[in-house]
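Right, one structure below, let's go through it.
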Amino acid sequence: MSRRPEDIEVRPITEPEIPEWSRALSTGFLRPPDLSDHDVADLATHVIPPRTLAAFDNARCVATFRSFPQELTAVGGTPVPADAITNVSVTATHRRRGLLTRMMTRDLAAAKERGDVVATLIAAEYPIYGRYGFGPATHLAEWTIDVPRTGFDRHRPVPDEDGRIDLVDGADVRTLGPELYERLRRTQPGAVTRSDRWWQVNTGAIRQDARPWTEPFYAVHRSPSGEVDGLAVYVCDDHWGDDKRPLNTATVKSLIATSPAAERALWRYLCSIDWVTTVKSGRRAPDDLLPHLLPDPRAARLTTYADWLWVRILDVARALEARTYERSGTLVLEVVDEAGLAGGRYRLEAGPDGARCAPTDEDPHLTLAVGELATLWLGDESAVRLAALGRVREQQEGAASVTDALLRTSRRPWCPDVF
Ligand SMILES: CC(=O)SCCNC(=O)CCNC(=O)[C@H](O)C(C)(C)COP(=O)(O)OP(=O)(O)OC[C@H]1O[C@@H](n2cnc3c(N)ncnc32)[C@H](O)[C@@H]1OP(=O)(O)O
């Protein structure tokens, strides 16, 4: 007997339903559904029932969805309140019956009501979220470095600039890491808040049975004045060739730095560890310094280039006013939002001293869907390119290049995290 969509209830879960919700989440993500009591108890520490949605077919949970408060750094460093969406799954028996649409519609309406400026997520697959007004707003690149080819002098100690590098323990990272990351976050467009839990999970203080933990190495960089200004977290394998040649790979889990000198020094360090012949970079911005800080940039092979953080603008005026602008200009945008959350015609008057954005009746320069605005908002994409793709429409000749002159940034945004 097939069920009608209205027979399936979509609603926030209650606390006693967390184990059933966890089972459905694991099932949807194709992980073993029998979570240990320890892992369920851990989930219960941060799953907030009013913002944790589920679909129930009779008593069985068949879809999951969770959001939590976050801040996303806009161009220029101002954080905007974000509705961070995660743990989206629909069990294979119930897919393509509109369950995601029902959960998403409910969550975005609540986020708009709360006054969040944007919603954010990391998309498992590209085609899922565009229909809900999300657009890819940052990209990631991953490189694999052939260390012997870099051209670094193996005989020299590191760091070879002023400053020092020390290996520390996870407990030290929980003390010094949050402050370092906060300094980075306040200057890095695309970065999002890291919770205490993030630091505990990523330093092994909170462990999950379903995800075996390997203690990494933590390398801290200090500037000549003694300030902590960089942290590289990496693991190494133990791989040797038959000819007794060391062939170890260092895989970077995270590398953050608040100065280019610290960033350079940490990559130089990673490429100097005896036995390590390959370094995998982990998730970087596409315009990372990495390939070009190697004497031979071709030693770094680009292995991944993909969309990363997706953004859904919920309040166009606040989003555009929150960011900074290198040049002065005026732009009238016709923003199309099929969900009716953020559409309308807006006039942006922006310059190095600030920006004002408000609804207007003036003729638009550019017509674009709200998802395309998200793609332009953090400065990562070109309106001229989107116009060539037919994804934005110029209402006045040259409007796309005027948009680029205003919105594009010298460096690309970067979201170092997955959530
Ligand atoms: C932020 C995160 O958590 S990312 C993780 C997302 N989860 C996964 O990828 C886990 C595996 N996949 C799933 O669980 C499900 O397929 C989901 C959650 C992606 C989609 O759930 P569904 O309930 O099937 O989506 P729903 O029925 O509401 O689909 C709405 C529309 O999106 C389309 N759609 C949904 N998922 C996809 C997809 N993966 N690829 C292409 N189109 C899709 C549907 O075809 C439908 O189109 P239509 O309106 O033109 O008919």
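The backbone N, Cα and C atoms fix where each Cβ goes, glycine too.
Taking Cβ-Cβ distances under 8 Å and a sequence separation of 6 or more, the neighbours of Y129 (active site, proton donor) in its chain are L121, A123, W310, R312. Annotated active site, proton donor per TrEMBL: Y129, in sequence order.
The feature active site, proton acceptor is assigned by TrEMBL to F419. DSSP assigns F419 (active site, proton acceptor) to coil, not to a helix or a strand. Taking the Cβ of F419 (active site, proton acceptor) as centre and 10 Å as the limit, one finds 18 other Cβ atoms among all the protein chains shown.
Per TrEMBL, the feature acetyl-CoA binding site maps to V88, S89, V90, R96, R97, G98, L99, L100, T101. The Cβ of L99 (acetyl-CoA binding site) has 24 neighbouring Cβ atoms from other residues within 10 Å, across all protein chains displayed.
Here TrEMBL flags 8-159 as domain 'N-acetyltransferase'.
In this structure, V88 (acetyl-CoA binding site) is part of a beta strand by DSSP. According to its DSSP assignment, L99 (acetyl-CoA binding site) is helical. For ligand 1, the nearby recorded positions are V88; that is, of V88, Y129, F419, these have a C-beta under 6 Å from one of its atoms. Listed in sequence order, P5, I8 are the same-chain residues at least 6 apart in sequence whose CB falls under 8 Å from the CB of R97 (acetyl-CoA binding site). There are 21 other CB atoms within 10 A of the CB of V90 (acetyl-CoA binding site), with all protein chains counted.
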